[in-house]
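**Student:** As listed in TrEMBL for this protein:
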{"type": "TRANSMEM", "residues": "31-52", "note": "transmembrane segment"}
{"type": "TRANSMEM", "residues": "64-84", "note": "transmembrane segment"}
{"type": "TRANSMEM", "residues": "120-142", "note": "transmembrane segment"}
{"type": "TRANSMEM", "residues": "177-202", "note": "transmembrane segment"}
{"type": "TRANSMEM", "residues": "266-290", "note": "transmembrane segment"}
{"type": "TRANSMEM", "residues": "392-409", "note": "transmembrane segment"}
{"type": "TRANSMEM", "residues": "495-516", "note": "transmembrane segment"}
{"type": "TRANSMEM", "residues": "586-609", "note": "transmembrane segment"}
Amino acid sequence: MEVFEHPYYRLNRRLLLLVGQWPYQDKFDRVFRMCFVISLLISFGVTQISLLYTNGNVDTLIEIIPPITSLITITSKYSMFYISRNNIKNLFERIIKHWKLWESKEEIDIMREYSEEGQLLTFLYTSYIYSCMTLFLLMPFFPCIMDVIVPLNDSRPLRPIFKSEYFIDEDQHFFPIYFHMSIVIVIGITVLISADILLLVFNSHVCGIFTAVGFRLEHLLKSQTDLTTLLDHRSRRMCFEHVIRTIEIHKRALEFAELIESSYSFFLLFQVGSSLVCMSLSLYQILIVLKKSSEAFRYIAFAAAQLVHIFCMCYPGQKIIDYSSDICIKAYSGLWYEAPIEIHRLILLVIRRSLQPCYLTAGKTFIFCLESFSTIALICSCNGNIDVILESIPFISCFIIIAIKYYTYQMQRSKIQDLLKHIVNNWQILETRKEMDIMHQFASEGKFFTIYIHLHDEIITPIFPCLMDVILPLNESRPLRNIIKAYYFVDENEYFYSIYCHMCIEIIMAITVLVATDTLFLTFNSHICGLFAIVGFRLEHLLHDQFDSQFLLNRQTRKMVFNDVIHSIKNHKKALDFAELIESCYSISFLMQAFIGLICLSVSMFQLFNTMSLLTQK
C-alpha cells in the first residue's frame, strides 16, 4: 500500500489506524482498538443516561440531548466504517487503480492538484476541529482563569465538561471525572475527524477524475495541427480509441461517486437529522443561560460546531454536483464537430450522462449542497424565535422516522424478500388441520392489526376536527388553520386550500409508508408467533393419540414418532431462523427510531407543559 504512505493520504491512514478502522490493518489490532473505542463511548453514554435516571425532569432531558445526540452521531460514523468496510476497502483499491490510468503529464498534474486540495482540506478540517476541542476541554478551568483576572471573595467552583452522573462526589473526584470525559471526547472527535476527512479525500479524488475527463474532452483534436490528417485510417482509429478510453474513465468516475453515495447515504441521513436536533436544542439552551457567560459560550460553541459539521458535508456534495455536470461544458468546448460521425455519437453519450449530475444525499431524500446548507442556516435562525424550532422538532422527527422506515425496506429488500419466501414455505409445511387453524388464527390477528392501524391513521385522524365541532360546538366557526405550521413563501390565507391539498398529499403518502412498514412488521411478528405456537402444540400433544404405550414397541410406530419429533425440531429451527432474520432486518432501524421518537416525545411534553402553564396564568 505504498500509495497511502504518500502525504496525500498519510493523515487519513494514521487516524484510521488509531481508531481501528484502516481496511488493511492487522485483525487482532483492529479488534482491540475497536473494543477500546466502543467501551469508552458506552461508558460516557451510561453516565448521561444515569443522570436522567437520577434527575428525571424535562430540563435535564433537554440538557443531555445534545451530548447524547453527538455521541450517537459519532457512534453511527464509527458503525459506518464497520458496516461499509467492504465498500471503503473497494474505494481505496479503486484509488490505486485510478492512479495507473493516466497517460499524459497534464492528467497526472490534475490528479495531483486535486489530491493536494484534499490534503489541504483534510489538514484545515483536522486543525480546526482539534483546536475547538482543545478550547472546549479547557472550559472547565475558565473559573480558575477568572479568579486571577476578576477575583472574588470565594474561589469559583470547578465544573465538569458535561453534566453527568458518576455516583461519586464530583467535587472531590473532579480530576478523575475530567480525565475520563477528556479521553472520551478526544477519541470521539478522532472518530468524527477520521470519517469526515476520508469523505473529503474521496470527494477530491472523484472531482479530480471528472476534471481529467473534462480535460480530455476539451482538448480533443486540439493537438492536431492539420485536421485533414483525420482522413487517415490510423489517425481516425487513434482518435476513436482516445474517446473510448475517456468514456471508460468517465464510467469509472461515476461508479466511484455511486460507491461513495451507497457507503455514506444512509448514515448521513441519521447524522444530519441528529445534528439539526442537537443544534436546535443548543440554541434553546443558549436563550436559557444567556446571562451565564461560560454556560452560554459552551452551547454557542456546540451549536456552531454542528453547523460547521453540516457545512463540511454540504461542501463535498456541492463539488460533486459542479464537477460531474461541468463535463458537459468541457465536451462542448472541444473540437468534436471536426471529428468523424462515429465520435460524435460517443461524445453525445457523455454529454447526455453529464446532464444528470452526481449527488451526495442523505438517504436519497436530502441533497448535500450549498443551497441546502443556506436553507438549514436560515431555518435554524428562525428570526430569533426559538419557539418555532421547538414546534418544528416533532414534525421533523416524524419525517426522519418515516424516511428511516422507508429506506430500511429499500436497503433490506433482499431480507424482506427472504422473509416473505419463508412465509410461503412455512404455510406448505403444515400437516394437520389443527396446525392450519393455529396459523389462520395468528394470520387473522395480523390482519386485524393492519386494518385497525389503517383506519386509525387514515380515516379517524383526519376527521377529528369535524367530530370536535359536533361534540363541542362553538358560538362561531373555528378558523381555518393549516395542519402543520410551515412556510410556503405565499399568503397562507389566500392560498389556504392549495397549501392544505399539498399537506394532505404529503401526510397521506407519509402515513401510507408508516402503515405499510409497521403492518408488515406486525404480520411477520404474528407469523413467527404462529410458528412457535405450532411447535408448542406438536410437543404438547406428542403421544397423546397413543392410548397404549406398548404400541410404541412397534418399530414402524416408533419411527413415526421419531419423524414427528424431528419435524418439530426442524420447524422450531425455521422459526428461530425467521426470528433472527426479523431481528437483523429491523434492529438498527428500530434503534434510530426509538432515539428520535424519544426526542420527539420529550419536546412535545415540554411544549405541553409550557402550554398548560400559559393556560394556568390566564
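Every residue, even glycine, has its Cβ placed from backbone N, Cα and C.
Caution: TrEMBL annotation is automatic and unverified by curators.
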**Student:** Take the transmembrane segment (392-409) and find every residue of the same chain, 6 or more past its ends, with a Cβ under 8 Å from one of its Cβ atoms.
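**Tutor:** For the transmembrane segment (392-409), the sequence-distant neighbours (Cβ-Cβ under 8 Å, at least 6 residues beyond its ends) are 266, 269-270, 273, 276-277, 280, 363-365, 379, 416, 484-485, 510, 513-514, 517-518, 585-586, 589, 592-593, 596-597, 599-600, 603-604, 607.
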**Student:** Taking 120-142, 266-290, 495-516 as candidates, which has the most Cβ pairs under 8 Å with the transmembrane segment (64-84)?
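**Tutor:** Result: 266-290.
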**Student:** Look over the recorded stretches 120-142, 177-202, 495-516 and say which has the most C-beta pairs under 8 A to the transmembrane segment (31-52).
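**Tutor:** So the stretch in question is 177-202.
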